Amino acid sequence: MAVRLKEYLRVNFKTIIIAFFCVVLAYGFFLLNPTVSIDEETWLLNGTQPLGWLEQGRIAIHIFDLIFSHNGAPIPFLWDFLAILTWFSSGLIFLFIFSEELQELKVFVKIVFLVYYATIPFVAGDMMAFSMSSFPVATGLLAAAFSFGNTRLWLKTKSKVNLIWAIVLLFYGISIYQAILGLYITAIVGLCFIRVLNRDFKTFEIVWKSAMIAIISTVAYFIVFFSIVTIRGSYDSYITEGFIGWWSGESVFLTFFKALYNICRVSFGSPFLGAESVFGGTVICILTIAYICYAIFTFFTIKEMKEKAQFLFYAIMFVCGPFIMYVLMGTNNTMGRMLFGLCLTGALQMVLILNATKQHRRLHQVVIVLVIYLLFLNLSNMNRIYFNDYIRYQYDCTVGNEIMLEIEKSGYDYHSKPVVFIGAKQPDAIAMDQHDTLGMKGSYFLWDDGNNGRISGFLKTLGYTVLPSSTDQKQAAVNASQMMATWPNEGSILEKDGVIIVKLSEPSQKWYHANGIQQKLQ
């Protein structure tokens, strides 16, 4: 594999450079205009190595940080660039592997695959916003790609070395981020689908042997994880509570229906009944429709009924591949950064459609124009969502600096007295695209209707060390704030009983929950 890969890189060097240049264009604004978004404040400027990744089961990220970071903090610009490069490289490995199955791919088709794989706003755009984990996660994607390559070699050569590497690399990927297993599953389904397209219908061996590798890697991961849990005595339960739908209390049928509906919701960019909107969903929707047309046309070119049935099965499973893991978990709570398989599915769909239409000149030209347009939309959407988040960041910086300046002008010493933020600061309504933590809804002064821990963490990135407050101090501050004006009006900041109180708005029930207060005291 190494020799063939080296030769492949040499022959396709110019193609790779052009594709990577296009990918960098997608992240241009992101790289040149750094921001701080939700969750990043937890990892920036740490005095000690946090244990958050261990508690979430992302064991390899914790080890990665110990080796390559200072107390888990991402390195500005460098980590972002390396994350993009490594993500792109994982796509390159997949292209190399699938090129051997598809054969004779044109330069344009290769560029399309590489660019689309690394520039889906809903997936890559979401993941890259988390600079503290994007680089290690990208290495996990690269490991999954090599694991897939070794799986394919093992199926062909029966070499135990390839089998061991496939298991170890997938174990690393899962240890980085459990969702990376979905990328491996998608790659296996894609391999089976392409084999069927090539009239090779002997796919059962691929399925069960790949499943064996996935199960061994996953079991090994859980053995290590639960060993750590046993030693430490705790773990972050939000994963099991938030992402395993069978325990939600709903009927089994409703849970299963929601998990299946989620496939349609994301595939067609629908905003309904999901954990979040599908930003850039128009591209995914158009590509899904084009793929359905391609699948229907191909279906009728197959004559044997058994072959038709197998094609139909894998054509459907190819779309479901990125979601199989979540259907088994019974959840529709899938964020973009959990659906890495969408990158591979979409890239392969474009390749298959381009290949299928090349015998029909006019249609092929139309498809080429459509593909270029879809890639342009992805690049545009990536820059736009990061620009919108930059507006949010500037807003947060302004609000944070003004509040701290007002505290200092009032003579309150925030170095010796804790600060309690009551309520949230609602930003002005601005017509902009938003996605999860990106955009105005990701404002630190709005998140959780005013999460004191996150606000204090963000202020630290602006140079202000705000002392944390206890639950009793927060409760007392709520009582004291009842007659206060809201910021930035006069009387919105005061000190009482050794606590500095900043009232942004009336506290909501969400505020109480986020800040650990059970009920409002009168």
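Note: Cβ is positioned from N, Cα and C throughout, glycine not excepted.
Taken from TrEMBL as is:
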TRANSMEM  12-32  transmembrane segment
TRANSMEM  77-98  transmembrane segment
TRANSMEM  107-124  transmembrane segment
TRANSMEM  130-151  transmembrane segment
TRANSMEM  163-196  transmembrane segment
TRANSMEM  208-231  transmembrane segment
TRANSMEM  243-261  transmembrane segment
TRANSMEM  281-302  transmembrane segment
TRANSMEM  311-329  transmembrane segment
TRANSMEM  335-354  transmembrane segment
TRANSMEM  366-387  transmembrane segment
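Contact between the transmembrane segment (366-387) and the transmembrane segment (12-32) is present: at least three CB pairs lie under 8 Å, with pairs separated by 6 or more positions in sequence.
Packing against the transmembrane segment (311-329) from elsewhere in the chain are residues 179, 181-183, 185-186, 189-190, 192-193, 196-197, 203, 243-246, 256, 259-260, 262-263, 266-267, 288, 291, 295, 298-299, 302, 338-342, 344-345, 348-349: each is 6 or more residues past its ends and has a CB under 8 Å from a CB in it.
Across 77-98, 107-124, 130-151, 208-231, 335-354, stretch 107-124 shows the highest tally of CB pairs under 8 A with the transmembrane segment (12-32). When each of 77-98, 107-124, 130-151 is checked for Cβ pairs under 8 Å to the transmembrane segment (335-354), 107-124 comes out on top.
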